[in-house]
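Note sheet for the following structure.
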Amino acid sequence: MRKIILCSPRGFCAGVIRAIQTVEVALEKWGRPIYVKHEIVHNRHVVDKLREKGAIFIEDLQEVPRNSRVIFSAHGVPPSLREEATERGLIAIDATCGLVTKVHSAVKMYAKKGYHIILIGKRKHVEIIGIRGEAPDQITVVENIAEVEALPFSAQDPLFYVTQTTLSMDDAADIVAALKARYPRIFTLPSSSICYATQNRQGALRNILPQVDFVYVIGDRQSSNSNRLREVAERRGVTARLVNHPDEVTEEILQYSGNIGITAGASTPEDVVQACLMKLQELIPDLSIEMDLFVEEDTVFQLPKEL
């Protein structure tokens, strides 16, 4: 019998839960409005619900009235933005994911030691912009192997590398291998800077791919980790669609006769997953549902001390 295989874990990670709760608790404690620098997480459903509750999402701190509260998003911010907030008398509350903060701290420490930092990631992504701000003159961003091959450093130069927390493990491994081939003495952290949730969601998806011929990744198109999930499937020859609303689950699926995999990015609410699942069952009523558990997650991050 044809079936839907639901990946587990999927959806919200500990950092996303903490970030959303930070905004919700701030609104409960101080009332509206609460300003948020950038979308708190990259998911339109989450942002719209928080906006309805009184959150105001801004990209420029000049939009925030003096002496107001502003929350920094889960993706992190450069030190210059923290300084600007202080200069403008803003009360900053930091919802940066702890695993992103770990990368900031490592970059800052190794830059002070005189290393040049190779930062693997998407240079326009807000997380990379924040990390690069820790030591802009000592950081080079690389997105692919070609950019590794173009690096101007010698094998003797003191180099340190880290990655964006939401990268594809496949792509990161290829880039790291190229880096180590050129620079055998390059340093890094003892454990991967790709976060546990990214690794788990990609691992869970890889686990089911031999059993399916089509995958729905439920997530926002702006979400890095959701896009990487789609790429994980496509890299292994499985058709994948990134959807963020049940209306995007279309009759296209009727062209496929095999099992269907479903996963969700780390900023995707479970109710959106369930709505997409219901739409799929309307299109193909005789589908059974099977849960595939890859690993249990029990990570919890404490809310900022101000709350």
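Note that Cβ sites are derived from N, Cα and C of the backbone, with glycine treated the same way.
Positions annotated as active site, proton donor by Swiss-Prot: Glu127. Swiss-Prot lists Cys13, Cys97, Cys195 with the feature [4Fe-4S] cluster binding site, giving sequence analysis as the kind of evidence. Residues annotated as dimethylallyl diphosphate binding site in Swiss-Prot, with sequence analysis given as evidence: His42, His75, His125, Ser223, Ser224, Asn225, Ser267. Per Swiss-Prot, the feature (2E)-4-hydroxy-3-methylbut-2-enyl diphosphate binding site maps to His42, His75, His125, Thr165, Ser223, Ser224, Asn225, Ser267. Under the heading isopentenyl diphosphate binding site, Swiss-Prot lists His42, His75, His125, Ser223, Ser224, Asn225, Ser267, citing sequence analysis as support.
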Among Asn225, Ser267, the one of these binding-site residues whose Cβ has the fewest neighbouring Cβ atoms within 10 Å: Asn225
Listed recorded positions Cys13, Cys97, Glu127, Thr165, Cys195, filtered to Cα within 10 Å of His42 (dimethylallyl diphosphate binding site): none
Proximal residue to Cys97 ([4Fe-4S] cluster binding site) among binding-site residues His75, Thr165, Ser223, Ser224, Ser267 (C-alpha distance): His75
Residue pair Ser223 (dimethylallyl diphosphate binding site), the residue listed as 'active site, proton donor' - Cα distance, angstrom, rounded: 11
Recorded positions near Asn225 (dimethylallyl diphosphate binding site), in sequence order, restricted to Cys13, Glu127, Thr165 and a 10 Å Cα cut-off: Thr165
Integer Cα-Cα distance in angstrom, His75 (dimethylallyl diphosphate binding site) to Thr165 ((2E)-4-hydroxy-3-methylbut-2-enyl diphosphate binding site): 9
For Cys13 ([4Fe-4S] cluster binding site), the one of His125, Glu127, Thr165, Ser224, Ser267 that lies nearest, given that the recorded positions are compared by Cα: Ser267
Cβ-centroid neighbours of isopentenyl diphosphate site His42, His75, His125, Ser223, Ser224, Asn225, Ser267, 8 Å, sequence order: Val41, Glu127, Thr166, Asp220, Gln222, Ser226, Gly265, Ala266
Cβ-based neighbourhood (8 Å from the centroid) of the [4Fe-4S] cluster site, residues Cys13, Cys97, Cys195 excluded: Ala14, Gly15, Val16, Ala74, Gly98, Leu99, Val100, Thr165, Thr166, Tyr196, Ala197, Thr198, Ala266
Site diameter for (2E)-4-hydroxy-3-methylbut-2-enyl diphosphate, Å, by largest Cα distance between His42, His75, His125, Thr165, Ser223, Ser224, Asn225, Ser267: 15
Cβ neighbour count within 10 Å of the residue listed as 'active site, proton donor': 23
Among His125, Glu127, Cys195, Ser224, Ser267, which are recorded as recorded positions, the nearest neighbour of Thr165 ((2E)-4-hydroxy-3-methylbut-2-enyl diphosphate binding site) by Cα: Cys195
Neighbourhood of His125 (dimethylallyl diphosphate binding site), C-beta criterion under 8 angstroms, separation at least six: His75, Gln164, Thr166, Ser224
Spatial neighbours, same chain, of Cys195 ([4Fe-4S] cluster binding site) - Cβ under 8 Å, 6+ residues apart: Cys13, Gly15, Cys97, Leu99, Val100, Thr165, Thr166
Cα-to-Cα gap, Ser267 (dimethylallyl diphosphate binding site) vs the residue listed as 'active site, proton donor', nearest whole Å: 15
